[in-house]
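J.: Provided herewith is a single structure, encoded as structure tokens, for subsequent inquiry.
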Amino acid sequence: MQDINSGSSSMKDTYSSWIEISKRSLSNNLDNFRSILRPNSTLTAILKSNAYGHGIEPMTRLCIEAGISRIGVNSIEEALLIRNIDSKIPILIMGEIQNPEKRKDVLSDPNFWIVFSRPETARILSSFLPAPKLHLKIDTGMGRLGSHGETLKQTLSELKNVGITLGGICTHFASTEDVLEHKYSLMQTQKFEEAIFLAKSFGYNHLIRHACASASTMLFPNAHFDMVRIGISLYGLWPSIQTRLSLNLTGNKNFQLNPILSWKSRIVHIQYHPADSYIGYGSTFQTSYPTKVAIVPVGYYEGLDRKLSSNGDMLVLGKKARIIGRICMNMTMLDVTHIPGAEVGSIVTIIGQDGEESITADDLADRTHTINYEVMTRISESIPRIVVD
């Protein structure tokens, strides 16, 4: 993935498409989250999965510049990308580490904070010199990773018996984004507090406690503990419509998120077709009037969902242009008959705003029956990311 700074943005004239990342919008989002954090709780920026499609390397630089003191990722490989940019910043690795003994050369980093579920993983990691910090994952109702119930007691006992030091304890909410009634999340919070109390009974008294992701940070201030993990909303996207409605119900109607990503391309070819012409693979679309067709060099390889074929729009000169025919691997066709000024070289907005019109990740998710997380993370790493404003 190319990471292009704002000083090189003129190079976008040569790209098939490019991503623009708004530094100002990122700063606004961070300020909004910092304003609602409980005292003594800190913010960790989650940059896993190529920073939710935004580009892990440019996002790392922007977050550090914005005063972020801790970054979270999924994998060792992601952590190493960040470590190449900053040699000291603490990095929370949340994905399960496989065969850690084979990665001793890179995991021997005291500023790696590694989340683990299995005692054997902790034993191996704690033997490294220097050893990474270890954060025990608690399954409070997600049913995925972590210890719970009698297994948790056994895990804590085993860790204590072999003298393993813990740096933190964490959990993850299962359904905060999906509901307006949050009894299950409150139950999870109670279970997490019980796990913290149990850990203290084994002598683990000064752990960094963290549970909240984006939605729960907005909705559950009592669960901020020592640290929150902000992912999707760092990038200005709501976790769900239910999250936004739930926040409104709490009386907080002023919390704002600003999407930081725009995805743009250019028209590379114009064709004129008479009525009753077929467009694209499979001849699935037939014109019903003389049609001006614009070709955009973006397709499903670049991350544009094929389900948007004849089912979506892009923006050209501030107007919506309908996608016609099947989206190709590297090209998409638009009906620009109603946009007289559309020509080769005209900028096309795939995600973002152009004049009074906008197309959001949520718009694309609604059209393709998925979530904004998937829309963003599908965007190809090969597309250059350019920092603007």
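Residue numbering: from 1, along the chain as shown.
From the backbone N, Cα and C atoms, a Cβ is placed for every residue, glycine too.
From a predicted model like this one, the values you see are computed outputs, not experimental measurements.
The active site, proton acceptor annotation in Swiss-Prot covers Lys48, Tyr281. Residues annotated as substrate binding site in Swiss-Prot: Arg144, Met329. Annotation comment: Swiss-Prot describes Lys48 as N6-(pyridoxal phosphate)lysine.
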J.: Using a 10 Å cut-off on CB atoms, tell me which of the recorded positions Lys48, Arg144 is the least crowded.
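T.: Comparing Cβ neighbour counts within 10 Å for the recorded positions Lys48, Arg144 gives Arg144.
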J.: Select the closest residue to Lys48 (active site, proton acceptor) from the following recorded positions, measuring between CA atoms: Arg144, Tyr281, Met329.
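T.: Closest recorded candidate to Lys48 (active site, proton acceptor) by Cα: Arg144.
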J.: State the count of C-beta atoms found within 10 angstroms of the C-beta of Met329 (substrate binding site), not counting that atom itself.
T.: 10
J.: Name, in the order they occur in the sequence, the residues of the same chain whose CB lies under 8 A from the CB of Tyr281 (active site, proton acceptor) and which sit 6 or more residues away.
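T.: Those within reach of Tyr281 (active site, proton acceptor), by Cβ under 8 Å and sequence separation of 6 or more, are Gly325, Arg326, Cys328.
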J.: With DSSP assignments reduced to helix, strand and coil, which class does Lys48 (active site, proton acceptor) get?
T.: helix
J.: Provide the three-state secondary structure of Arg144 (substrate binding site) computed with DSSP.
T.: coil
